[in-house]
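Working notes for the structure below.
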Amino acid sequence: MNFKLLSLLLAGLATAGPIEQRQTSSSGNELRDGPCQPVTFIFARASTEQGLLGGSTGPAVCNDLKSARNQEVACQGVGPKYQATLAANSLPAGTSDEAIEEAKGLFEQAASKCPDTQIVAGGYSQGTAVMHGAIPKLSDAIKDQIKGVVLFGDTRNQQDNEQIPDFPKDKTKIYCAVGDQVCHGSLIVAAPHFSYVADAGDASRFLVEKLD
């Protein structure tokens with residue numbers, strides 16, 4: 001698929017909508033800038049979404065986790081090296097090496113700065129590729145510290161056999177809407193790819209149930 005066609009197909013991420021905007025008090029930089037919390041949520045947003053957490057599923061899950069855990073959750077988005085550009089979707093890993101390494105570094109920072117925190121994570125669209133790339137690179141000890149991962153509109157779903165490589169399948173929940181071809185190895189973006197904020201509540205409950 002040439003880049004011009006890819007850009008046209010993915011332009012829906014920038015123009016379709018409106019995506020429901022969820023208000024959050026989180027800066028999306030709470031691991032880096034704040035104190036350790038009992039739970040740390042690391043999230044990679046979709047292409048073209050603004051802010052470290054994006055404007056849809058990321059803030060929604062962050063809010064739900066904070067509500068469920070008495071606000072004792074640090075929400076951290078992947079960025080600024082992860083720029084969530086459209087072009088990065090066409091790379092072999094579905095995102096940039098810089099994004100994957102940045103996410104890996106955030107997991108490592110959570111484990112080293114806050115050794116007692118329980119880590120949960122998520123990604124939406126290109127952000128799922130960030131998680132698919134970063135988590136397998138982590139040490140076994142950090143993988144054990146990750147309690148659960150939720151992926152919305154998983155761009156690596158087919159390529160990685162409906163799982164994150166080298167990570168327990170029972171710790172992962174993948175949301176693929178009916179008609180979302182992105183989950184089947186395509187870069188064609190259609191309306192179902194923008195429906196995942198409706199799954200945020202279920203995803204948050206999945207993560208909460210994985211916590212001690």
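Glycine is treated like the rest: Cβ placed from N, Cα and C.
Taken from Swiss-Prot, the feature signal peptide covers 1-16, and the record attributes it to sequence analysis.
There are 19 other CB atoms within 10 A of the CB of C114 (disulfide bond), with all protein chains counted. What Swiss-Prot records for C36-C114 (among others) is disulfide bond.
Following the DSSP three-state reduction, the secondary structure of S47 (site 'Transition state stabilizer') is coil. Per Swiss-Prot, site 'Transition state stabilizer' is recorded for S47 (among others).
Here Swiss-Prot flags C62-C75 (among others) as disulfide bond. According to DSSP, C75 (disulfide bond) is assigned to a strand segment.
According to DSSP, Q126 (site 'Transition state stabilizer') sits within a helical segment. The C-beta environment of Q126 (site 'Transition state stabilizer'), restricted to residues of the same chain at least 6 apart in sequence and closer than 8 Å, consists of A44, A46, S47, A84, A88, N89, G94, T95, T155. As annotated by Swiss-Prot, site 'Transition state stabilizer' applies to Q126 (among others), with the evidence given as similarity to another entry.
The disulfide bond annotation in Swiss-Prot covers C176-C183 (among others). Look at C176 (disulfide bond): DSSP puts it in coil. On its own chain, C176 (disulfide bond) has G153, D154, N157, C183 as residues at least 6 apart in sequence with a Cβ closer than 8 Å to its own Cβ.
Reduced to three states, the DSSP call for H193 (active site, proton donor/acceptor) is helix. Of all Cβ atoms in the shown protein chains, 25 besides its own fall within 10 Å of the Cβ of H193 (active site, proton donor/acceptor). Among the features that Swiss-Prot reports, active site, proton donor/acceptor is placed at H193.
When the Cα of H193 (active site, proton donor/acceptor) is compared against those of the disulfide-bonded residues C36, C62, C75, the shortest separation belongs to C62.
By neighbour count, meaning other C-beta atoms within 10 Å, the densest spot among the disulfide-bonded residues C36, C75, C183 is C75. Within 10 Å of the C-beta of C62 (disulfide bond) there are 27 other C-beta atoms, taking all protein chains into account.
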